[in-house]
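Taken verbatim from TrEMBL:
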- Ala3, Val4, His5, Phe6, Gly7, Ala8, Gly9, Asn10, Ile11, Gly12, Arg13, Gly14: NAD(+) binding site (BINDING)
- 2-193: domain 'Mannitol dehydrogenase N-terminal' (DOMAIN)
- 201-374: domain 'Mannitol dehydrogenase C-terminal' (DOMAIN)
Amino acid sequence: MLAVHFGAGNIGRGFIGSLLSQSGYDVVFVDVNEKVVQALQQRGTYDVIIAGETTEKQIVSNVSALHSHHQQSEIIDHIARADLVTTAVGPNVLPLISQTIAEGLKKRLTDHPVHIIACENMIGGSEHLKKYVWEHLSEQEQASLKDKCAFLNCAVDRIVPNQSHDDPLTVVVEPFFEWVIETKQVIGHVPHIIGAHFVDDLQPYIERKLFTVNTGHAIVSYLGYRKKYETIHQAMADRDIFADVTNALRESGRVLVHQYGWDEAEHQAYIDKIVQRFMNPSMTDEVTRVARSPIRKLGPNDRLIRPAMKYYECFGEVPTSLAKGIAALLLFDYEGDPEAVQLQQTIKESGIEGALEKYAQLSSDHPLVAEIKKQMFHI
Ligand SMILES: NC(=O)C1=CN([C@@H]2O[C@H](COP(=O)(O)OP(=O)(O)OC[C@H]3O[C@@H](n4cnc5c(N)ncnc54)[C@H](O)[C@@H]3O)[C@@H](O)[C@H]2O)C=CC1
Ligand SMILES: O=P(O)(O)OC[C@H]1O[C@](O)(CO)[C@@H](O)[C@@H]1O
């Protein structure tokens, strides 16, 4: 079995590549990072260190790599033969790899179906990728691929911080992982992936994950940045931040339980486990990594605005802790993050209302806006 995986970064090597290799695939990574590509080509193996109460080393083998820009024709040939194409490049990079995927699909020599799974932190990631790929195909090509290629939405959950080791391929990960894949679009059999959880309808799972893990993580990072903490672990040790995060997760949890009928006690246990994961003493995760790309994270369907809007829609009240998280995001002025710089520029030119209207599609008369502005004085 052959899998082509775009993005040999933290989640690519530390989660997806490792699971696919364990499942019996030959994994060909595609990346722009010369050093990582070369090391994978030379060695064909790397180490994943699982850091929990104890430390365990996993050796990932049967891997190789191609350079995303310099080895286009090889990538296309591999996609033409692949059983699986996966990505973990970040939502903003999906349009940039779509033409290569389209070229590979055009060359498929086999009737054997290929499943394509975008493993990004977003709702409908694979559907978005399909839209970009389809822009490079004629109607006829799209029709002929209908029975040969399926895009499966998924939710991926494993915390893999930025890190640097003497060995550029080694990656330290937390023990927990969850990869939930939607089966609706599957052609033939579901792909063989050990440890993946296949479900008919992904919506409850992706929302539960995005609006708990990612909502909570984002809020710790923005509040932590404000208080000059460097790591998530340090920020979680601050009693006020801990309280703000758990209150915000109670708010998003109330929406999730109301919308999807998750059992209340089970959902609370899910929250508690996530809070423990944020506090894992064996992981050093910088607040600026978790806070990265604040404009994307301020999107109407992303981890802060969507649960806050839903809360207001469902219960007719403004969620104050989620509003505080959004307020903290708006104060994120880290100069090393291009989106933070752009966001601060927009706020300077158009005010808080202007930025919320532009990036969150939140109109200035929405009661959430007044609460966000009020919360900015409490941070
Ligand atoms: N790190 C984590 O804990 C988790 C990350 N994710 C998601 O996974 C995705 C990737 O995140 P990370 O692995 O953390 O980021 P990362 O920055 O470590 O990895 C992204 C990789 O994509 C590569 N890349 C950039 N442009 C490319 C191109 N044109 N062609 C091929 N490769 C390209 C980069 O060189 C990098 O190696 C994001 O959508 C993130 O939200 C999801 C769950 C957990
Ligand atoms: O990867 P993103 O969407 O920028 O956000 C960072 C978040 O993603 C994760 O890397 C994994 O879910 C978390 O650590 C964090 O909540």
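Quick reminder: no glycine exception, Cβ is built from N, Cα and C everywhere.
If you average pLDDT over the domain 'Mannitol dehydrogenase N-terminal' (2-193) in this model, you get 96. Taking Cβ-Cβ distances under 8 Å and a sequence separation of 6 or more, the neighbours of Gly9 (NAD(+) binding site) in its chain are Asp31, Asn33, Ala88, Val89. Proximity to ligand 1 at the level of Cβ atoms, with a cut-off under 6 angstroms, picks out Gly9, Ile11 from the binding-site residues His5, Gly9, Ile11. A 10 Å cutoff on Cβ-Cβ distances gives Arg13 (NAD(+) binding site) a total of 29 other Cβ atoms nearby, all chains included.
Taking a C-beta cut-off of under 8 angstroms and a sequence separation of 6 or more, Ile11 (NAD(+) binding site) has the following same-chain neighbours: Ala88, Cys119, Val156, Arg158, Val160. With a 10 A radius on its CB, Ala3 (NAD(+) binding site) counts 29 other CB atoms from all the protein chains. In this view, Gly7 (NAD(+) binding site) is surrounded by 26 other Cβ atoms within 10 Å of its Cβ, with every protein chain counted. Note: His5 (NAD(+) binding site) has non-local neighbours Gly12, Ile16, Gly17, Leu20, Val27, Val28, Phe29, Val30, Val85, Thr86, Thr87, Ala88, i.e. same-chain residues 6+ apart with C-beta under 8 A of its own C-beta.
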